[in-house]
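Novice: Feature table excerpt (TrEMBL):
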type	residues	note
DOMAIN	7-147	domain 'Lactate/malate dehydrogenase N-terminal'
BINDING	GLY12, ALA13, GLY14, PHE15, THR16, GLY17, ASP36, ASN100, LEU123, SER124, ASN125	NAD(+) binding site
BINDING	ARG87, ARG93, ASN125, ARG156	substrate binding site
MOD_RES	SER149	phosphoserine
DOMAIN	152-308	domain 'Lactate/malate dehydrogenase C-terminal'
ACT_SITE	HIS180	active site, proton acceptor
Amino acid sequence: MAFTRRKIAVIGAGFTGATAALMLAQKELGDVVLVDIPSQGNPTKGKALDMLEASPVQGFNAKITGTSNYEDIQDADLVLITAGLPRKPGMSRDDLVATNEKIIKEVSENVKKYAPNCYIIVLSNPVDAMTYVCYKTTGFPKNRVIGQSGVLDTARFNTFVAQELNVSIEDISGFVLGGHGDDMVPLVRYSYAGGIPLEKILSPEKIKAIVERTRKGGGEIVELLGQGSAYYAPAASMVQMAEAILKDKKRILPAIAYLEGEYGYSDIYLGVPTILGGNGIESIIEIPLEDEEKTALDQSVQSVQNVMAILVSAKA
Ligand SMILES: NC(=O)c1ccc[n+]([C@@H]2O[C@H](COP(=O)([O-])OP(=O)(O)OC[C@H]3O[C@@H](n4cnc5c(N)ncnc54)[C@H](O)[C@@H]3O)[C@@H](O)[C@H]2O)c1
Ligand SMILES: O=C(O)C[C@H](O)C(=O)O
């Protein structure tokens, strides 16, 4: 039996998709197929070729191709879904729901048809609801349909803590729970710097400011960019999850998972700590929450449910 490279499809070749495709190839996680809708010229093919031509310089072995034909994702092992509109300054992620629901439904139908055994990581916003749409449309088991938010939100939290303490980001381990909205729940009680609980080395005021900045971290980048939303850190976050799955690392990472009673919620996709490995979400880790934390999580869940109530396709 010959060993073959993994096939990874990235749907949506915009800022997040293209950045993730290059990172996947640089890490030699597999051959990458970039997919986008047809447009004048062939920008998707052009981006893929440009990335491929970086491979001799950087010394990575991976094929990268660009296409508008879903047949090219045939039997992909892993699919990253980044198709859809990003928000503009002044918008919330939830304002994208109607447009992006249609796109995610169409993309998910194609993924189901051409890559029926794949694992999926959804990025498109509002991501908790879009992951739910993907789960309902593909009918794949819940361990194979996963959303990305917590790796990014935790990365932002860790960045701000490291900046405040002027220490290495390698020593910070934050913990963010809940939906990917402004009421996400950074759990300070479970966050550490070099093994020291954060509350022991930062003042309550400093911690409060970091929690608020984390919650609004996506919006901060949207305002600064003026057009589009963050893509370097989101792409890096998806790739970390992809690597955990493709290498069966069994990492403890936050992921948007389908809940069936965990944390007291059911029939909802929500950001929770998970074990990510060769079987996708292998389990959800439940940690005890204090009353205040549970109240904050309830509020975040309510926001996700408000968006889910608008969904059309997922109710079918
Ligand atoms: N979950 C997160 O943490 C997170 C982080 C960053 C971005 N996002 C979201 O990811 C999405 C993509 O962001 P971006 O910055 O890459 O946007 P972008 O506009 O740069 O790229 C989106 C791409 O999707 C393509 N597309 C649209 N409809 C399609 C379809 N039917 N099939 C295939 N491709 C299609 C567009 O042509 C475009 O190239 C947005 O919804 C954004 O809000 C989520
Ligand atoms: O903020 C956005 O709209 C994009 C993304 O969800 C992010 O957190 O950067």
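Every residue gets a Cβ built from N, Cα and C, even glycine.
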Novice: Spatially, which candidate from the recorded positions GLY14, ASN125, SER149, ARG156 is nearest to HIS180 (active site, proton acceptor), comparing Cα atoms?
Specialist: SER149
Novice: If you count, for each of the binding-site residues GLY12, GLY14, the other Cβ atoms lying within 10 Å of its Cβ, which residue has the minimum?
Specialist: GLY14
Novice: Spatially speaking, which of the binding-site residues GLY12, GLY14, ASP36, LEU123, ARG156 is closest to SER149 (phosphoserine)? Use C-alpha to C-alpha, please.
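Specialist: Out of the listed candidates, the nearest Cα belongs to LEU123.
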Novice: With helix taken as DSSP H, G or I, strand as E or B and everything else coil, how many residues of the domain 'Lactate/malate dehydrogenase N-terminal' (7-147) land in each class?
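Specialist: Secondary-structure composition of the domain 'Lactate/malate dehydrogenase N-terminal' (7-147): 67 helix, 25 strand, 49 coil.
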Novice: Between C-alpha atoms, which of these binding-site residues comes nearest to ARG93 (substrate binding site): GLY12, THR16, ASP36, LEU123?
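Specialist: Of all the candidates listed, LEU123 is nearest in space.
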Novice: Whole-number Å only: compute the distance from the Cα of ARG87 (substrate binding site) to the Cα of GLY12 (NAD(+) binding site).
Specialist: 15
Novice: Could you measure between GLY12 (NAD(+) binding site) and ARG156 (substrate binding site) for me? Cα positions, answer in whole angstrom.
Specialist: 24
Novice: Quick one: pull the CA-CA distance for THR16 (NAD(+) binding site) versus ARG156 (substrate binding site), whole Å only.
Specialist: 17
Novice: Scan THR16, ASP36, ARG87, ARG93, ASN125, SER149 for recorded positions whose C-beta lands under 6 Å from an atom of ligand 2 and note them, or write none.
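Specialist: Cβ < 6 Å from ligand 2, in sequence order: ARG87, ARG93, ASN125.
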Novice: Just going by other Cβ atoms within 10 Å, which of the binding-site residues ARG87, ARG93 has the emptiest spot?
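Specialist: It is ARG87 that, of the binding-site residues ARG87, ARG93, has the fewest other Cβ atoms within 10 Å.
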Novice: Tally every other Cβ atom lying within 10 Å of the Cβ atom of SER149 (phosphoserine).
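Specialist: SER149 (phosphoserine) is surrounded by 30 other Cβ atoms within 10 Å.
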